[in-house]
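Below: the structure, in structure tokens.
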Amino acid sequence: MASAIPIMAPPGTAAEGSPSTPAAATSTNAWTAKATAAAAASPAASKASQPAKPVSLTNSNKNRTCRNIVIHGFCKYEGKGCEFNHDVNKPAAVASPEISKAKLHVNSPIFKPANISSGSVKAESINAPEFVPKSSQGIVDQQGVQSFAPPMQNSLAGSMSGLPTAPYAQFSDMSLQGSMSTPYFDGSASGYYYQGSGAMMHQPLQYHLYNTPLPHVSNLLPHQRTIHGFFIADSLREELHRKNEVILQTVNAQEYGLPEELHEYHSLYPLDQTQEKSTEVFGYQSSVYKCMCSVDGRTYALRRIEGFRLTNELAMQMIESWRRIRHANIVSIREAFTSKAFGDHSLIFVYDYHPCSKTLYDVHFGPQAQLASQVLVGAPKTTEPVIHERILWSYLIQLTSALKKIHSAGLAARLIDPTKILVTGKNRIRMNCCGIMDMLTFDAAPNLAHLQQDDILNLGQLLMTLACKSLTATHNITKSIDYISRHYSSDLKNMILFLMSQPVPMKTVDQIITMLGPRVLQEINDVQDANDVLESDLSRELENGRLVRLMMKFGFINERPEFDMDPAWSETGDRYIIKLFRDYVFHQVDEAGLPVLDVAHVLTCLNKLDAGVEEKIVLMSRDELSCLIVSYREIKACIESAFRDLSKSK
């Protein structure tokens with residue numbers, strides 16, 4: 001390969017293959033003659049220049065490596081007059097003293113300090129053995145690289161230990177535990193942030209994108225609307241998204257020791273918030289699972305009673321009576337059966353599933369409720385109770401309505417406990433686990449009147465527990481009544497005293513309803529107000545559904561490659577007007593040529609198109625050579641005609 005750097009000839013030598021010519025000799029002699037004449041003309045200058053003879057660099061050149069060897073790897077003048085060193089392995093000698101006296105020179109010796117500090121690294125340290133720490137506090141990952149493990153601050157660990165967790169957080173990514181254990185990851189974080197773990201990735205919904213209107217655009221004129229005015233409320237949308245997300249959650253059945261199929265149900269998902277299984281309520285350990293039914297494709301909740309052996313088949317008949325009960329404040333039961341799919345004798349109850357629901361115990365006595373009560377620490381004594389009296393009346397009215405339905409069917413609830421009453425909405429409660437006690441303690445001839453009186457007594461105890469915000473409020477009734485009389489109205493106190501009094505004569509649910517008369521009217525008013533809000537949100541989405549239908553028709557018609565053996569069908573006739581209208585709505589640009597992303601313009605045009613108004617607009621072709629003046633009504637007729645043509649092809 002040719003090099004851009006020429007090979008230099010040493011001074012005083014002629015190039016190889018270029019003999020001296022008479023012209024060259026003449027030129028050299030002429031230059032010599034001029035120099036001699038100049039020296040003779042100025043003898044003083046010649047004498048002055050004699051002491052300043054240049055230092056001979058012949059010895060120095062022999063110690064310097066030839067540049068041709070460094071650049072090209074060879075020198076064709078070697079042995080032909082080149083004074084430089086051509087032996088690469090020969091060490092360079094120290095420069096002569098005359099050269100070393102110069103301040104700056106290419107052959108100046110390398111500076112070497114007199115002493116070396118103790119902190120410098122010696123050459124022998126390159127072969128030093130690998131450093132191995134004495135303590136093994138670090139954690140070695142799968143590749144064997146030791147990671148840095150800083151000590152955990154006690155204050156941070158203590159402050160985070162009491163934070164509440166999501167109801168299903170402990171079951172979302174338990175498969176990551178053990179496989180990815182680092183000082184900053186204990187297996188409880190979402191696997192979405194650890195894409196290389198091999199587990200099923202679960203992307204969280206982007207709830208933060210549903211923001212509320214900004215303050216400076218909220219105060220609008222009556223004829224103005226924000227983008228949020230066209231859709232449902234952000235809080236309701238987020239709640240519905242959360243429910244859909246919970247319904248679709250799944251886990252690996254083999255990792256959790258769950259059966260793949262149970263009767264006609266599959267895709268079991270554990271719903272228990274804690275791994276501790278108590279026997280206080282049923283006398284047996286129980287667990288709850290979410291599942292899908294292979295018959296109707298719906299989601300149900302399974303309540304499993306562990307280690308129960310059914311001895312009397314007549315107990316199954318009690319479930320038929322509970323299946324006929326349909327009430328807004330009762331979780332409906334579907335069926336009950338026994339199974340050995342879990343490795344033991346289990347009794348399974350199938351109930352309707354309400355996603356994102358919590359128990360009364362979790363709402364008012366759980367970790368989140370305790371954090372909320374800590375906020376009130378240091379507040380003045382005049383602060384109202386944590387549970388508002390209006391909420392307690394709402395709970396009492398709903399539970400009384402449920403008991404009325406149960407007692408009228410000749411049954412008894414037998415289980416009114418904070419841990420078995422679900423809160424499925426804002427102050428919306430439902431009685432859960434109905435019918436379980438009838439099967440666990442089956443009696444062919446139960447004392448129904450006595451069991452119904454126990455329901456009324458348990459209702460009073462539950463109300464006292466919520467009012468005092470203490471699970472041990474029923475242990476000292478006198479002190480609890482005194483507390484209720486100081487913080488609540490006399491009507492609520494008298495209601496609790498009536499519910500917890502001795503049943504002489506026999507108390508009935510109708511008497512409770514009579515005492516709740518004025519409060520029931522207020523509850524009906526609140527329910528209807530909430531219904532109006534939901535209908536208003538539904539009306540917004542109803543209009544959006546009309547626009548979606550228009551968008552689907554646009555998608556069927558525009559840019560269709562071929563229809564009825566006509567490749568240009570979507571570009572001719574009425575379809576061309578539809579294409580221009582699509583550009584008018586979605587493909588507008590401003591004066592700078594930038595796209596216009598105006599949602600209000602899109603919604604306005606589509607609403608006018610759906611209504612078919614007589615307003616006319618100007619449609620321009622993309623080459624700006626033709627314009628059409630049409631009305632929304634005519635464009636709507638073109639869309640309907642084109643869509644009918646597509647429908648006839650079926």
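Cβ from N, Cα, C; glycine included.
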Of the residue ranges 167-205, 479-517, 518-556, which one carries the coiled coil annotation in TrEMBL? 518-556
Which range, 1-28, 85-112, 113-140, 225-252, does TrEMBL list as region 'Disordered'? 1-28
Give, as a single whole number between 0 and 100, the mean pLDDT over the region 'Knob domain' (557-650). 87
